[in-house]
Amino acid sequence: MSYGTINDMNESVTNYRIKKAQNNIKGWYAYSFSSEPFVVSAVSTYIPLLLQQFASINGVKVHDHSIPCLSETGSDSDKCVLGLFNNRIFVDTSSFALYVFSLSVLFQTIIVISVSGIVDLWGSVKFKGRILVWFGIVGALSTVAISKLNDTQIYSLAGLYIVANGCFGVINVVGNSLLPIFVKDSLKCQSQGAYEPDKVDSLTTVISGRGASLGYSSALIVQIVSMFLVASKKGSKQDVQVAVLFVGIWWFVWQLPMIWLIDDVTIPIRVDDSTLASARSPYPGEQDALGQLNWKNYLSYGWVSLFESFKHARLLKDVMIFLIAWFIISDSITTINSTAVLFSKAELHMSTLNLIMISVLTVVNAMLGAFMIPQFLATKFRWTSSQTLMYIIIWASFIPFYGILGFFFNAFGLKHKFEMFLLAIWYGLSLGGLSAVSRSVFSLIVPPGKESTFFSMFSITDKGSSILGPFLVGLLTDKTHNIRYSFYFFFLLLMLSLPVLNCLDVKRGRREAEELSQVLPESERRLD
């Protein structure tokens with residue numbers, strides 16, 4: 001064989017690996033493009049409206065349970081409550097949506113823990129891609145089913161939303177865990193093995209920002225189309241459900257390219273999947289009579305692995321700092337969106353079309369924030385990652401502060417509809433920047449080979465706060481029947497997060513993560 005032939009073969013293999021690395025990143029973009037409208041459009045706008053709408057249709061006046069909520073009898077200022085479980089308990093119609101959010105996140109947390117351990121154990125990028133598609137299909141079909149409910153099926157609405165949100169949680173964790181793997185593989189292919197560690201930081205930030213912007217771009221397209229769909233159904237009770245149907249179809253269709261794009265990051269050795277997984281099993285030798293995998297053990301491994309990861313995280317100072325800060329931040333940022341939608345509908349009496357327009361403004365500015373903050377502002381002013389997060393939080397804290405002003409002034413402080421449009425721009429910029437920066441920061445301080453499990457910790461921290469936040473706001477609204485009081489809660493949380501974030505050192509965290517990955521037991525590392 002001539003040297004020319006050998007060089008041609010080497011070049012062919014190199015080109016193959018580069019193309020595969022590029023396809024993996026494209027597949028990662030497809031994950032964001034397909035699923036982001038669910039959380040940005042459905043969860044943030046349509047589902048809260050549907051839950052409140054169904055609750056109002058089935059609710060009664062708070063001071064007289066014999067009068068239906070939508071009855072013209074009584075004062076327009078009368079608040080409404082919904083009777084649950086044969087009227088054993090009554091909750092505010094706005095609180096009902098918040099309680100369902102809390103329950104959905106609890107279910108999401110349980111399923112994320114169970115699945116993430118299996119994904120890390122299997123260690124195959126292609127398997128992670130299958131997980132993205134499988135759970136995406138179930139989530140998309142559940143979303144489509146929501147659009148077919150009638151307004152008396154309030155428990156079915158809650159149940160389908162819980163399933164869909166649980167599926168989104170899984171693909172969110174698995175998708176985020178693929179980011180550092182794809183970044184490092186891309187750098188290895190481009191430099192043919194060796195690469196500078198500093199390039200990981202910059203490329204991770206760029207790809208994460210592009211992914212976030214693509215996700216918001218898809219959400220923007222969905223919202224614009226939804227505006228026309230809702231306008232065509234103006235005056236109909238099914239106007240919101242038509243928009244939900246479109247979200248479900250979008251999710252289902254655009255995730256399909258991942259089937260062909262996402263593949264293993266290296267040329268794989270031909271090993272049967274069950275053999276590979278068996279070699280990684282935390283319970284070696286425990287298989288059924290047919291020699292197949294014992295899935296009970298694999299499901300429990302997710303919990304065992306998470307417990308071990310929390311033990312490892314205790315050794316990683318900056319991981320713990322980040323998780324504590326993120327618990328506080330997420331409790332406020334994620335809850336404030338759904339609360340604002342409920343507030344706009346209940347207190348400002350905004351139409352569905354107006355709320356979709358607000359959502360469009362939020363999405364457009366989130367796209368700008370995802371690009372401008374990490375790639376331009378942070379670079380121009382030479383902010384560290386932790387400093388960037390702190391400035392975003394300070395920016396976002398103005399939103400609840402402005403809502404609090406409404407207790408003291410009649411002319412402003414979320415007293416008029418136009419104020420919601422202005423705050424949508426403000427909120428969108430902070431949300432986009434936070435989405436891009438937070439993912440990239442955390443991906444830099446997790447031990448290599450434990451991405452899925454540590455991102456499940458990130459998600460559990462996020463979701464744990466999302467269980468607590470809506471639940472507490474729901475209790476507050478039940479007590480006061482005035483959702484404006486929740487702005488005090490949000491502002492306090494954002495202020496509390498600042499001193500915690502001030503302690504974060506990303507360089508130190510990355511160094512500690514690399515050191516920990518070297519001392520992890522062999523059974524806990526991903527096989528390359």
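Cβ atoms here come from the backbone N, Cα and C positions, even for glycine.
So that you can see what the record holds, here are the features copied from Swiss-Prot:
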{"type": "MOD_RES", "residues": "Ser278", "note": "phosphoserine"}
{"type": "TOPO_DOM", "residues": "1-98", "note": "topological domain 'Cytoplasmic'"}
{"type": "TOPO_DOM", "residues": "120-130", "note": "topological domain 'Vacuolar'"}
{"type": "TOPO_DOM", "residues": "175-210", "note": "topological domain 'Vacuolar'"}
{"type": "TOPO_DOM", "residues": "232-241", "note": "topological domain 'Cytoplasmic'"}
{"type": "TOPO_DOM", "residues": "263-318", "note": "topological domain 'Vacuolar'"}
{"type": "TOPO_DOM", "residues": "340-352", "note": "topological domain 'Cytoplasmic'"}
{"type": "TOPO_DOM", "residues": "374-388", "note": "topological domain 'Vacuolar'"}
{"type": "TOPO_DOM", "residues": "410-417", "note": "topological domain 'Cytoplasmic'"}
{"type": "TOPO_DOM", "residues": "439-485", "note": "topological domain 'Vacuolar'"}
{"type": "TOPO_DOM", "residues": "507-528", "note": "topological domain 'Cytoplasmic'"}
{"type": "TRANSMEM", "residues": "99-119", "note": "transmembrane segment"}
{"type": "TRANSMEM", "residues": "131-151", "note": "transmembrane segment"}
{"type": "TRANSMEM", "residues": "154-174", "note": "transmembrane segment"}
{"type": "TRANSMEM", "residues": "211-231", "note": "transmembrane segment"}
{"type": "TRANSMEM", "residues": "242-262", "note": "transmembrane segment"}
{"type": "TRANSMEM", "residues": "319-339", "note": "transmembrane segment"}
{"type": "TRANSMEM", "residues": "353-373", "note": "transmembrane segment"}
{"type": "TRANSMEM", "residues": "389-409", "note": "transmembrane segment"}
{"type": "TRANSMEM", "residues": "418-438", "note": "transmembrane segment"}
{"type": "TRANSMEM", "residues": "486-506", "note": "transmembrane segment"}
Problem - Tertiary contacts of the transmembrane segment (486-506) (same chain, 6+ residues out, Cβ under 8 Å) - result: 201, 318, 321-322, 324-325, 328-329, 331-333, 335-336, 339, 343, 384-386, 389-390, 393-394, 396-397, 399-401, 403-404, 441, 444-445, 472-473, 476-477
Handout entry: Segment proximity, the transmembrane segment (211-231) to the transmembrane segment (353-373), 3 or more C-beta pairs under 8 Å
Key = yes
Completion exercise
Top stretch by Cβ pairs under 8 Å to the transmembrane segment (319-339) (candidates 99-119, 131-151, 211-231, 242-262, 418-438) is 418-438
Handout entry: Dominant neighbour of the transmembrane segment (131-151) in 99-119, 242-262, 418-438, by Cβ pairs under 8 Å
Key = 242-262
Fill in the blank from the handout: Averaging pLDDT over all residues of the topological domain 'Vacuolar' (175-210) gives 72
Fill in the blank from the handout: the topological domain 'Cytoplasmic' (410-417) resolves under DSSP into 1 helix, 0 strand, 7 coil
